[in-house]
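Visitor: Mind having a look at this structure? Questions to follow.
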Amino acid sequence: MKNLVVLTGAGMSAESGISTFRDAGGLWDKYPVEQVATPEGYQRDPALVINFYNARRKQLLEVKPNRGHELLAELEKNFNVTVITQNVDNLHERAGSSHIVHLHGELTKVCSSRDPYNPHYIKELKPEEYEVKMGDKAGDGTQLRPFIVWFGEAVPEIETAVRYVEKADIFVIIGTSLNVYPAAGLLHYVPRGAEVYLIDPKPVDTHTSRSIHVLRKGASEGVEELKQLLIPAP
C-alpha cells in the first residue's frame, strides 16, 4: 500500500466546534496567547494556565470528531496512513485513526513541570479527570502541567514527523495556515515524485514552487473529494 501522510491544523477540528486562537470567539478571546501558551506565562501564573487548559479539556468532552476525521480513518483500508497533527485534541483518535504524531502535545495528558518530556512522568487523564488542581504532583514531585508544546518550546516529535514525510507517496495538508514552524517546514521534506494536496477554504501560501492540487473546501468536504480522487469508483 502507498504511504499517505496527512498534516492537519486547526481547520481540521474547527468543524467539530473547537475554537482556535486565530478565530474570534471561544476560550482564546479571554487571554492573550503569551499568558496561557508560553513557559513564561506558566511561570508567572501557573493557576491561570492550569485552569485555562481545564476549560479546554472540558470543551473537548463536549465535541465529537467530524466527517473529515472519520474519512481519514477510513482511508486506512487503502493506504498506510500517518496523521501528523498540530492539534492537541484527541479527535483523530476518537474517529479511529491508528497512527498519529502529535507535534504540539496532547490535551488529555499532563506531565512534570521540571521535565515535561520524561515518559515516566507523563500521565493520560481519564475523561472524568479533566480538572487538574494546583498541588497535583507528577512523579518527580513537581506540579502537573499540561502536556502541551508552548510557544518558544522545542518540538520533540518533529524528527519523527520528518521521517514519515520523507517516505510519503501522497502528502495532504488540511486546515493549516503553514505559518507555525517547524510544522510548516515539513512540506520541504516531501519526496519529489509524491503527489501533494492542500485542503483549505482560504488561500494558503505554501512557500514552495512545487505542484500542489488545491481543494478550496473545509475539512469534511475536502477529504470527501480527496477520497474520490485517490480511490476512483469502480
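Using N, Cα and C of the backbone, Cβ positions are placed for all residues, glycine too.
This is the feature table in Swiss-Prot:
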ACT_SITE  HIS104  active site, proton acceptor
BINDING   9-28, 86-89, 175-177  NAD(+) binding site
BINDING   TYR53, ARG56  substrate binding site
DOMAIN    1-234  domain 'Deacetylase sirtuin-type'
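What does the local environment look like for each feature on the list?
Guide: Taken residue by residue with DSSP, HIS104 (active site, proton acceptor) is part of neither helix nor strand, so it is coil. Long-range Cβ contacts of HIS104 (active site, proton acceptor) within its own chain (separation 6+, distance under 8 Å): THR85, GLN86, ASN87, VAL88, ILE148, VAL149, VAL155, ALA183.
Its Cβ taken as reference, SER13 (NAD(+) binding site) is surrounded by 27 other Cβ atoms within 10 Å in the chains shown.
Take the CB of ARG56 (substrate binding site) and look out to 10 A: across all protein chains shown you find 21 other CB atoms.
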Visitor: Rounded to a whole angstrom, what is the C-alpha distance between GLY17 (NAD(+) binding site) and ARG56 (substrate binding site)?
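Guide: If we compare the Cα positions of GLY17 (NAD(+) binding site) and ARG56 (substrate binding site), the gap is 12 Å.
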Visitor: For TYR53 (substrate binding site), which DSSP three-state class applies?
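Guide: Its secondary structure by DSSP: helix.
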Visitor: Which of the three DSSP-derived classes (helix, strand, coil) applies to SER13 (NAD(+) binding site)?
Guide: helix
Visitor: With Cβ-Cβ distance below 8 Å and at least 6 positions apart along the chain, what are the contacts of GLY175 (NAD(+) binding site)? List them in sequence order.
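Guide: In sequence order, THR8, GLY9, ALA10, GLY11, MET12, SER13, ALA14, ILE199, ASP200, GLY218, ALA219 meet the Cβ cut-off.
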